[in-house]
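Below is one structure, written out as structure tokens; comments come after it.
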């Protein structure tokens, strides 16, 4: 049996999939007995189809693929939650298996997609939606399932990791680094999804759902990005033995699931601390396995196509062996979410304040009034000579208390000179 | 359908499996619909069975498990290649699926085990044989199969990684570190398998077979251990921007498979360089995915049991769904092995030599006579005042030429004061 594939989307990742099929189709047959054939390709862009030499099987209408009874697996690589949703749900309802790289779709409409797949008796696979080429969803759904997963922390956005690395290593301000990332093609013209942590939020929603067997959507994830991070913060962090990463967190706590994305200070000895540039890594803690980490390229044609085609070959193998659809939705529990205000962690807070007597005492009073206990204070003069940077690291405190501290300090008369930098500290 | 398990071996890993079943059996049912029951336990040691509360299902004769027609999956955790081979082959022939953590068996008799499984139409799974709890075999056999794997490099022996870390960080000599590792239970009374690289050789044989779809056995692997490594070498390496790891290598080359285990100098910026202590990590390069790395605890009760039970639950899921055995032997190719003498790499060689004129010139002559081109030479006086350390780093050279250099320098009259330290350099 030859398993027939319908590809929707011929951008970077789609092109990578076409390349893999061209290069390795014979090996898939010889090594694994898996026989796959690219039968139909859909794109809005006929030029891309010609570029990849697939003009003879090309269409601009995805319905041609959904309506083609020969197609066994539909590969959705157009992204977004509108047309992509129609393609994915339509394909499943038309009795086709689906492989997608679409994090936004799975983090927003995951429940609907999983339910539709189960009703249709078809498979849905989405390894490429998180961490590019890094195998993470499959290991969590298979190799690690004997564990109660307690924690998932990931550097899952290559753009911001590249920017933070560049800021730290080359002392470049945010705006310059963003412009460079855009020039190099690492960041979009509208960088919002990356720099505000929304891309990472979608990914951690997917991972949290799998890790805790409880549905988490992108709307459940508190997301803060890196716009307020300065090279000075990175320098101070380094002096304290830390690095700063935009980290996606998902922790199992007694109160429920704690899931969030924000800049995080990590000890330089942490395994995630050496993950630099455009690389991604996901750190998973299970009750039996202990600490594990999965590292690799988080984006790009080859890595993402590796994950997509891994899924395609797995589904094709099932079809050839006559295996019924394999893993349905595993969100069997309904765990509560911990509200962000209830978060308990340590905080790094840098204030640029007026350089005059009484300021430090006034600020200390505010911290005390909200029961936020301070671990250390560092004062450094600013270059302008009129203001100083005062950096606090707190003991473990509650988010809502720290927010109250920030609000009250903002109200102090003629004290603050800039927006404070707030970075949560993971020890 | 309840899938019945027969466990052979109640040591560290077996105990971990019993714990996982006690803690999580209900979750496996609720989340994944997988229902497993520990039906029979075999051990030479009745006290361990009592300790784990399984005396009612205990036997000292593994044939009781092989002959029990109710048992669906046999878990072999006794290790070695004699009785374990009888258990594994006997179980397969008796129509049972097998999960094993046995690297020696799979690296020595892998072909026989795979063939027996295929003939019997049963599954054989062995994730725990490499890297303890780290998912590596399953990701290579599934998530990464769309790739041509070009390289696998692993820190796959926790004992020696602990010892090298301790030597480097605390300037302790080999013998002291070994004694400490033995006292802490990280090293066996007879440490040969670990310190001579044989344990790592078995593991890389298994990984190479999967990566290159070509059978590699432990006898094919050139193995050197860490007995000759001194803190001085680690210090010099660090000054040069390198660390030293006992690395298991498997590379695809134009001449064939290059597979070997030996101390290796790695740049400090390499992702494997920060893997310290008893941790393991496996670095895999594929043509589509690029660089990936899998990190975690390489040994111990919980991690190994996590991998074993991951396999058990996967096989149980297949049995419940009526799925025929899944992946047979994938060694469909017969690639040649590159003989060790033909290896081309860079070398670090430290000689302790007599401190007198003419020595350096004589040695330079030997390097030149075998066409081994030297990149750098560092000379440092020894504390005894009578000898000096001369450390060469070569350009890429052939192993047989370097061996000829070593042999000729050993023959120089009254020059060498100690065995030279030879460490291959990976850039």
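Glycine residues also receive a Cβ, built from the backbone N, Cα and C atoms like all the rest.
The active site, proton donor annotation in TrEMBL covers B:203. In the three-state DSSP scheme, residue B:203 (active site, proton donor) falls into the helix class.
Under the DSSP three-state reduction, residue B:12 (NADP(+) binding site) is assigned to helix. Per TrEMBL, the feature NADP(+) binding site maps to B:8, B:9, B:10, B:11, B:12, B:13, B:14, B:15.
In the three-state DSSP reading, residue B:103 (NADPH binding site) counts as helix. Here residue B:103 (NADPH binding site) comes close to B:126, B:129, B:130, B:199, B:202, B:203, B:206: these same-chain residues lie at least six apart in sequence, with C-beta atoms under 8 angstroms from its C-beta. Under the heading NADPH binding site, TrEMBL lists B:103.
As annotated by TrEMBL, L-homoserine binding site applies to B:188. Taken residue by residue with DSSP, residue B:188 (L-homoserine binding site) is part of neither helix nor strand, so it is coil. Packing around residue B:188 (L-homoserine binding site) is summarised by its Cβ count: 14 other Cβ atoms lie within 10 angstroms of its Cβ, all protein chains included.
If you look up TrEMBL, you'll see B:348-427 marked as domain 'ACT'.
Cβ neighbour count for residue B:8 (NADP(+) binding site): 25 (other Cβ atoms within 10 Å of its Cβ, all protein chains included). For residue B:203 (active site, proton donor), other Cβ atoms within 10 Å of its Cβ number 28.
Annotated NADP(+) site B:8, B:9, B:10, B:11, B:12, B:13, B:14, B:15; additional same-chain residues within 8 Å of its Cβ mean position, judged by their own Cβ, are B:7, B:16, B:17, B:43, B:48, B:77, B:78.
Here the binding-site residues are B:9, B:11, B:14, B:15; the one with the fewest Cβ atoms within 10 Å of its Cβ is B:11. With DSSP classes pooled into helix, strand and coil, the tally for the domain 'ACT' (B:348-427) is 24 helix, 31 strand, 25 coil. For the pair residue B:15 (NADP(+) binding site) and residue B:188 (L-homoserine binding site), the C-alpha distance works out to 19 angstrom. Spacing of residue B:8 (NADP(+) binding site) relative to residue B:188 (L-homoserine binding site) is 22 Å (Cα to Cα, whole number). Around the Cβ of residue B:12 (NADP(+) binding site), the number of neighbouring Cβ atoms within 10 Å comes to 16.
The distance from the Cα of residue B:11 (NADP(+) binding site) to the Cα of residue B:188 (L-homoserine binding site) comes to 15 Å.
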